[in-house]
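Chemist: The annotation domain 'NADH:quinone oxidoreductase/Mrp antiporter transmembrane' is assigned in TrEMBL to A:122-409. Positions annotated as transmembrane segment by TrEMBL: A:70-92, A:104-122, A:128-145, A:157-179, A:199-218, A:230-252, A:264-284, A:291-315, A:321-341, A:362-383, A:403-425, A:446-469.
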Amino acid sequence: MSAALLSLTIPLATAMLLLLFRTRAGTVVIVANTASLVAAMLALDAVMTGAREQLSLGNWDAPLGIRFELGPLTAVLLVFTALIHLLVTIYAQASRHSKTRDTDFWPLSCLLHASLAALWLSRDLFNWYITLELLGLTAVAMIIISGPRSHLPALRYLLLSLAASLCYLLGVAFLYGRYGVLDIRMLAEVVVDDPGTRLAMLLLTLGLMLKAALWPLHQWLPAAHAAAPTAVSALLSALVVKGPLFILWMVWSTLAEPGFARQAGVLFAFAGIAALVSGGWAALRTPWLKVLVAYSTVAQLGYALLALGLLLYWQDPEMSIALWLFVLAHGLAKVSMFLGAGEMQATLGSRRVSALKGASQTMPLAMFAFAVAGGSLIGLPPSGGFIAKWVLLQPLLVEPSHWPWALGVLLGTLASAGYVFRVVTIAFNRADPSSPGHDPDTAAQWLAMLPALIVWAMALLSEPLILWFQEVGL
Amino acid sequence: MSHISLYLLGGVALWVLGLHALMTQRNALRRIMAVNVMGSGTFMVMVALAARMTPIDPVLQALVVTGLVVAASATAFALRLATTESPVADVDRERE
Amino acid sequence: MITTWTTLLPPAIVLSSLLPGLLIFSLREDQTRLRIGLNLFAVILKLGLVGLMLRGVGQGLEFRFALPFLPGGDLVLHGDATSLQFVSLSAVLWLATTVYAIGYLQDSPLQSRFFGYFSLCVSATVGLALAGNLVTFLLFYELLTLATFPLLVHRGTKKALKAGRIYLAHTLGGGALLLMGVALLHSLTGSPEFQAGGYVELLADAHQPSLMVAFALMIAGLGVKAALIPLHGWLPEAMVAPAPVSALLHAVAVVKAGAFGIIRVVYDVYGVDQVQALGLAMPLLAVAAATIIYGSLKALQQQELKKRLAYSTVSQVSYITLGVALVGPIAGVAALAHLVHQGLMKVTLFYCAGNFAETLGIHHIQEMNGVGRRMPLTMAAFTLGALGMIGIPPTAGFISKWYLGLGALEVGQDWILLILVVSGLLNAAYFLPLIYRGWFCGPPRQWPDERSLGSGLPGAGETHWMLLAPVLFTTVLALLAGLLAGSEVSPLAWSQLIINRQFGL
């Protein structure tokens, strides 16, 4: 547990120090991140050998105190967060085009990391509210690093995020008023299925879905994610939207009665398929590169939503594994995609998709990163995305009556193939290559590719992970 | 108990009013105010729920205080964002 | 797992082209010698390794390599007789095509990219051939799609990009269907290794509809690459690719991957008995027969040389499917032998078409008049290849068709003979005019676009030697496959061996 806490406190302390000493040194953050990653790995190792661990902060017990819990999923997510943050900060420090040097990016990204780590560890509805607010505020603050042009989408994001938090908070208030506890485990013991609880759950769900940009509450995401600097976009898509998703999954899988869960599950699953199709379609149509990548996030979250829906509908814990594998694979792939897209956009001097003509010659590495990451999003073997899709498909296919859901997965696959190869095909157009405005930055392009290579390597490493999850549960 | 129900209903009404305004208004300042109205509604519900017990539930009151801090700082941030000179329209000027 | 050379050989065969391919990507355009050196080194290394494996399998050694990948489905590379048939074909034709491609692409830009993907493409093909279970097969099948796409759009023209889009739409769609089929079967039994006679027998009672749906999905997914109608639309478009790519695409890499997959699914996953029992053989047979006739009819209408060859591929590859779908031992031998025979003959024809286009600028059929006088060696190779396609004795194509016919009679599907005869006549109708024009019509005063690639004289100098040598090499191989069909080293004899195991003869 102490290792997990260290993984949380190192970025927090780094953020404070950077603010205190008014320095914006990226190397400090990278070193701190490495330490945080090592701590997270130690925590994971401890969980793998031992059992779940509990910690009551300041020795105050629930209901008044704050309880942290370190389970298998939390440990994996801590490692995931630290790894993504590390990869992104190395890029942000090394790339000539990152536009984040000597800005508030460094303390803010550390704060983001810390609040996310706190979110993974928390098991308390109100504590989650606090971490959600921290996450939202730092995310908005990071978006406006790219200048006044981003203020409009940032303000929209902030207001929606606040409204979503208040929606969530009202739900929390109702639940507390009804049961008098906030801790999720204690709540699970006393919760009953009545209209008041259902209303509270509905409010929680609406708030969280808006924050996680789950269809149909996703409209704010493309503008906000596309407006941010490249490194920030990567963090937002890979990490920030996953926080509310975690809470949503936790709340529904522990609090909902089976009957209610089944009803809601169908809706979630249909929303997931709708997200896959409509997000994919929007990504196919948009003329802007980063908006395309952002819409792909909307679409990919559809897989997670589908998995969540079927988890509730069939009460099949296997689906949780699929859900979180999707999150891990998507996070890594999306970092690569945003970094690759950002590099190409900055070097070729245009934000349009059509400007990528000939990019396979002029910027082969960044384009390759984009394509490789795209392969994982489509779910081509042997990538992390493929493994996640496979785990999702297994229970879908075994019963003929479940087959219609598999059609949704098929649609999602085809839609993502459509938008990924839309970009790749343009890059192979040799008729009229746009010449790079200035030198491509080779090192930065390699850094953009690194997460994509990790997600493909994930395919070969995930069997033990899946078996472990199946054995001990999440 | 009826006056507590009144507060509860009032809180919920404020929350709905705020949400409605947030969705219909376009002006940034009004939308920020709308979010604040929503916040007030939520806090009122929480205070009313706390007041149902004797002695008054300290946990909920502590939560409201925390929530108020968050709401105040977020509002300040939103105001700062809303008052910066934002460009006329978000158009790409490179190619057209 | 004890690591010995027998476990490491299968991955070594895959890596022997993969690693050089990745190295080639990193080379600058002007490092021509290093690139050629790496290419040839990889080719020869792979041939050596394949030879080693052939000898080992002949001595009864087991070559198997496994990595954990999915629960119930490891990543398995396994060298058995069936895979060796395909691996040897790929390795040999890769040698010829590499030499050809070096000659063909001289002085053209982006060679590092081309040869990089070229090597990846062969690695994927070989991996697919060595795949020991369905999951592994699926993996390499998708990688093959990805590796071929850049080759197809290599020229980067509008037409090439359009062909690329069509190709992707077909193959990615097919890949998704295959994935669904494989995943469905996996959800029932996991993915055990391929085994003669299949492994689904125990499921047949409880899960009959699932098995049928899985079969349909897999065949549809594989049928895209094997160009079964109505999924063949990408193949004629794909002929805009550079000639070495077309040659590889049509002879080994892509269409054969589909056909090979069908062989695996029918023989080593379901087993002939189950395919028969589930009533799946007849629909497959009908589709294959329809494709044979349709492809030939369409080929007859084409006036562009490469397009005619492309439709001819549609037709010819379906002989393999036809042989498999007949589910008899003799037809099976024909199918497996044709996998090799068609590869050798079609690669020759595409090389020749490429030589005509590069040397003289000939793209259309009318322009072939008298080409035999200017390029007798190429035209002779073309003639032999075409005669083989028609099935005139003693060419390799004749052997395939003869055994197919015998196989059809053996299982009582006499109507297949009619298909064979009609298709043979159609083949003759679209190939004989080319041969006639080439040898017996007078040459034009000026060729469409003549380039001085060799000495310019008929014979050894009729074109660049690197373009000519592979043509002669594959022609000789195709001839030998036909002439020596009765001997022990021929593709036919090897097919016999595989089939004997399958049918327990």
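Just so it is clear, glycine is given a Cβ too, placed from its N, Cα and C backbone atoms.
Please treat TrEMBL annotations as automatic predictions, because they have not gone through curation.
Have a look at these and tell me how they're positioned relative to everything else.
Modeler: Within its own chain, the transmembrane segment (A:70-92) is flanked in space by residues 1, 4, 7-8, 11, 26, 29-30, 33-34, 36-37, 39-41, 43-44, 46-48, 52-55, 98, 100-101, 105-106, 109, 112-113, 116-117, 120-121, 231, 234-235, 238-239, 242, 246, 324, 327-328, 331-332, 335, 339, 444, 447-448, 450-451, 454, 465, 468-469, 472-474, which lie at least six positions past its ends and keep a Cβ under 8 Å from the stretch.
Sequence-distant contacts of the transmembrane segment (A:104-122) (same chain, at least 6 residues past either end, Cβ-Cβ under 8 Å): 4, 7-9, 11-12, 14-15, 18-19, 24-26, 28-29, 32-33, 36, 66-70, 74, 77-78, 81-82, 85, 88-89, 92, 128, 131-132, 134-135, 138-139, 141-142, 145, 229, 231-232, 235, 239-240, 243, 246-247.
Long-range neighbours of the transmembrane segment (A:157-179) within the same chain, counting only residues 6 or more positions beyond its ends whose Cβ lies under 8 Å from a Cβ of the stretch, are 125-126, 129, 132-133, 136-137, 139-140, 143, 187, 190-191, 196-197, 199-208, 210-211, 220, 223-224.
For the transmembrane segment (A:199-218), same-chain residues at least 6 beyond its ends with a Cβ under 8 Å from one of its own Cβ atoms are 132, 136, 160-161, 163-172, 174-175, 178, 241-245, 247-248, 251-252, 255-256, 260, 264, 271-272, 274-275, 278-279, 297-298, 301-302, 305.
Long-range contacts of the transmembrane segment (A:230-252) within the same chain, counting only residues at least 6 positions beyond its ends with a Cβ under 8 Å from a Cβ of the stretch, are 77, 81, 84-85, 88-89, 91-92, 95, 97-100, 105, 109, 112, 116, 119-120, 123, 125, 128, 131-132, 135, 139, 142-143, 145-146, 184, 201, 204-205, 207-209, 211-214, 221, 224, 261, 264, 290, 293-294, 297, 301, 304, 308, 311-312, 320, 323, 327, 330-332, 334-335, 338-339, 341-343, 345-346.
Cβ atoms under 8 Å from those of the transmembrane segment (A:291-315) belong to residues 212-215, 218, 221-223, 225-226, 233, 237, 241, 245, 248-249, 252-253, 256, 258, 261-262, 264-280, 282-283, 322-323, 326-327, 330, 334, 337-338, 341, 353, 377, 388-389, 392, 395-396, 405, 408-409, 412, 415-416, 419-420, 422-423 of the same chain, restricted to positions at least 6 beyond its ends.
Proximity of distant same-chain residues to the transmembrane segment (A:362-383), defined by a Cβ-Cβ separation under 8 Å and at least 6 residues beyond the stretch ends, is recorded for 296, 300, 329-330, 332-337, 339-341, 343-344, 347-348, 356, 389, 413, 416-417, 420-421, 423-424, 427, 433-436, 440, 442, 445-446, 448-449, 451-453, 455-456, 458-460.
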Chemist: Residue list, the transmembrane segment (A:403-425) vs rest of chain: Cβ under 8 Å, 6 or more residues beyond ends.
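Modeler: Sequence-remote neighbours of the transmembrane segment (A:403-425) are 269, 272-273, 276-277, 279-281, 283-284, 289, 292, 295-296, 299-300, 302-303, 306, 310, 353, 356, 360, 367, 370-371, 374-375, 377-379, 389, 392-393, 396-397.
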Chemist: Cβ under 8 Å to the transmembrane segment (A:446-469), counting only same-chain residues 6 or more beyond its ends: which ones?
Modeler: 48, 72-73, 76, 83-84, 87, 90-91, 94-95, 320-321, 324-325, 328-329, 332-333, 335-337, 339-340, 342-343, 365-366, 368-369, 372-373, 375-376, 381-387, 391
Chemist: Looking only at residues six or more beyond either end of the transmembrane segment (A:264-284), which have a C-beta under 8 A from one in the stretch?
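Modeler: Long-range Cβ neighbours of the transmembrane segment (A:264-284): 201, 205, 214-216, 218, 222, 252, 256, 292-293, 295-314, 405, 408, 411-412, 414-416, 418-419, 422.
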